[in-house]
Structure formats: C-alpha cells, structure tokens
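What follows is a single structure, written as structure tokens, with notes after it.
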Amino acid sequence: MKKISVLGSTGSIGTQTLDIVAQYPDQFQVVGLAAGNNVELLSAQVHQFRPEIVAICNLDHLEVLKESLSSLDYSPIILGGEQGIVEVAGYGDAQSVVTGIVGCAGLLPTIAAIKAGKDIALANKETLIAGGPVVLPLIEKHGVKLLPADSEHSAIFQCLQGVPEKGLRKILLTASGGSFRDLPVEKLSTVTVQDALKHPNWSMGRKITIDSATLMNKGLEVIEAHYLFGLDYDRIEIVIHPQSIIHSLIELQDTSVLAQLGWPDMRLPLLYALSWPERIYTDWETLDLVKVGSLTFREPDHHKYPCMKLAYAAGRAGGAMPAVLNAANEQAVALFLEERIGFLDIPRLIETVCDRFTTHNQAHPTLDDIISADQWARGEVIRANEVIEKSDRIVSVR
C-alpha cells in the first residue's frame, strides 16, 4: 500500500485524487491533507480518509476546522497557514505527495516535500515553470522521482518508456483550443468570464480553464516540458486537437510518432502518477475509437492566442523570466475572474510586465530571486492595470 499526502485536496486535482483513493482503498492510504479555504469539504475529507495531519492555509478558518474535527475518535495534527501546508508536505512516512495547489503557491510546499524525500506527483505545473532552476537540482540531490500528473506530460512520460536516451526528436503537445477555439478573433473583446469558463472537453478549476481559453496553459506546458524532458524550445511544438483524445505525442529520430490516447479524464494521469511503475486495473469507460469517429488537428493561431509566443519568449529568456510570466498570468487571470479586466487584457498585461522585467538574464536564480520576481510581477500587473483604469476614467469623463 502506498501512503500519500494531497496538497490542494479540496480543488479539482485534489478531489479527483481522493476519488481514486476511495476507489482503491487497498492500494493507497492518505497520510496528510492540505487545502486553502474550503473548510467544510476539508473537514468531510478528514472524516472520510482519516489522515494523520491536516492543514488549512486560511488562518481565519483554523478554529472552525478544529471544531468540526472535535468529534473524531482520533486526534490528527491540525495546522493553519502557509507553514502548515509546508508541514503537511514534508510529514511522516508518506511516500508520494500530490501537488494540486493552484499557482506558484505550490512552490515552497513542493520543495519541502522533496527535501523530506517524497516522490512528487506533479499536478501543479507552475511550481516547475517558476522554480525549475531550483527544483530540478533538489530532485537530483535528494534522489526522489518527479512524476507528471497532468494529462499532456503524463502522455509524454508514458510514450518515452523504452525510448533510448538520444531517440527523441521532438515533443508535440496537444491543445483542445479552449472555450473560444471556434470563435472568430474579432469577437474575443466581448466575451465574459462565464463564456471563458465553459470548456468544451475538460472539467477543471477556474484558473486553468481560463488559461486554456487563452492558450497560456499550453505555453506554460511548453516550459514545463523543457524542464521535465530536457528539450530545447525549438523541439517542443503545440498542435490544436479539438477532440482531446490524443493527450500528446513524441516524434522519434526515425520519424516514428508515438501517442497516448484516452478519454479526457484527469483521473487517468493521476492514477498513473500514483501507481507508477505499475498499471492498476480500472472499470472506467474504455476508449472506443469507432465512437470517437475521427481525430483532427489544426495549426495554432498565434494572432488569436498571443500567450503562446509570450511563453516561448519567457522560456528562452530563462532565469527568473518564466516566474515573472507565470505570476503576471496568475494576477491577470485573477483580475479577469473578478471582472476587472477584459479577456484580451490578459495577454496585454502579461506582455507589459515581461517587457519591464530587467534582470531576466540571471542564468541561475536562487529561490529568493524567484520569489522576489514573482512578487514584483504580481504588483506590476496591479500597477499597470491601475494606469489603464485611470486612463479609462479620464476618457469617460471627457
């Protein structure tokens, strides 16, 4: 039986991970749970899975959590705040930690888990995108495994099994095209938050669904693939695949192409990250290619989706620039979800902030450098947007 801790247990990744644990109680045991704000769901999860340690990031909810767990017939460790999340990440005899915390907030807990010798089921791509220069050396130093738990990188990881070290020519990341893949670019200026949250294929959290709509999600995955698989950026390509059946492909030196296929269901890559190198039998719906009928592909439209080029540029710049890109995107998406900016303002703000960053040529940033760049970029998005809002108010008065 494998013992696991789940960071971000009340989010999309966390709840699907716990669905797997509930389905396979003889395979997995939950040692730790950590969440951000959803105290009611976290409490229910603790009652069901009986972890040894639990933490909620929002300290305002800590006493409520303690009260809701007072009826338990055992006494788990109950913590609060960011340090509480870090404690869960490195706690006890968990063999694997699922990192499902959204955004760069997952970086410090992931580092704590690595230093504690835990294998990482990586569902938080931002950790590697922002912290790759720090995280990868720690992975090597502590001898832990970094197993991708998102569909695209899991697909690549699976396709690479048995491929010789120099056998890989390039990676092809598939993208659904997001909520607006069939919408003309001239109509994007009027789309709403609710429009953007209607993903045609996947059930995901709000932030990643917006990233899918801008295709920044795919741009971030390019940077993640660079760190995970060691390829230069000109050997990582994006292709639009509306059906989301092929989760990604690799091209080998002899021009052979290998692909991993399956229904768009996040449980599959999560299960593989938890069970690797084993394959566990499931009773989930099997892929019926006759039912699917056809698989189609398109060239991505860089005019419609400028976030892809921004991501490639940040990745090639290296240093702390990917952290700036990631933080600017997180902050811009948050503003969009709050309906403070329009959909097309997301890439505009990101580009503005990346252009203002002046220390991107630092080849080997420290953790402090990355955290500083992250905080600077978030503040810069707010400042840039305030200038835009002020300008809009002046225009409206005139």
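Backbone N, Cα and C atoms are what each Cβ position is placed from, and that goes for glycine too.
Because the structure is a prediction, the values reported are computed rather than measured.
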Write down the one residue from GLY205, GLY219, GLY230 that Swiss-Prot lists together with THR10, GLY11, SER12, ILE13, GLY36, ASN38, ASN124, GLU126 as binding NADPH.
GLY205
Given that Swiss-Prot annotates LYS125, SER151, GLU152, HIS199, SER212, ASN217, LYS218, GLU221 as 1-deoxy-D-xylulose 5-phosphate-binding, name the residue from SER96, SER176 that shares the site.
SER176
Any idea what the Cα distance is from ASN217 (1-deoxy-D-xylulose 5-phosphate binding site) over to ASP150 (Mn(2+) binding site), rounded to a whole Å?
11
Residues satisfying Cβ distance under 8 Å from ASN124 (NADPH binding site), sequence separation of at least 6:
LEU7, GLY8, ILE13, THR99, GLY100, ILE101, VAL102, GLY103, GLY106, THR110
So for LYS125 (1-deoxy-D-xylulose 5-phosphate binding site), how many other CB atoms are inside 10 Å of its CB?
27
May I have the list of same-chain residues other than ASP150, GLU152, GLU221 whose Cβ is within 8 Å of the Cβ centroid of the recorded Mn(2+) site, in sequence order?
LYS125, PRO148, SER151, HIS153, SER154, LEU173, ASN217, LYS218, GLU224, ALA225, SER248
Can you tell which of ASP150, GLU152, GLU221 has the most other C-beta atoms within 10 Å, given these are the binding-site residues?
GLU221
When a 10 Å sphere is centred on the Cβ of HIS199 (1-deoxy-D-xylulose 5-phosphate binding site), how many other Cβ atoms does it contain?
18
Can you give me the Cα-Cα distance between GLU221 (1-deoxy-D-xylulose 5-phosphate binding site) and THR10 (NADPH binding site) in Å, rounded to a whole number?
23
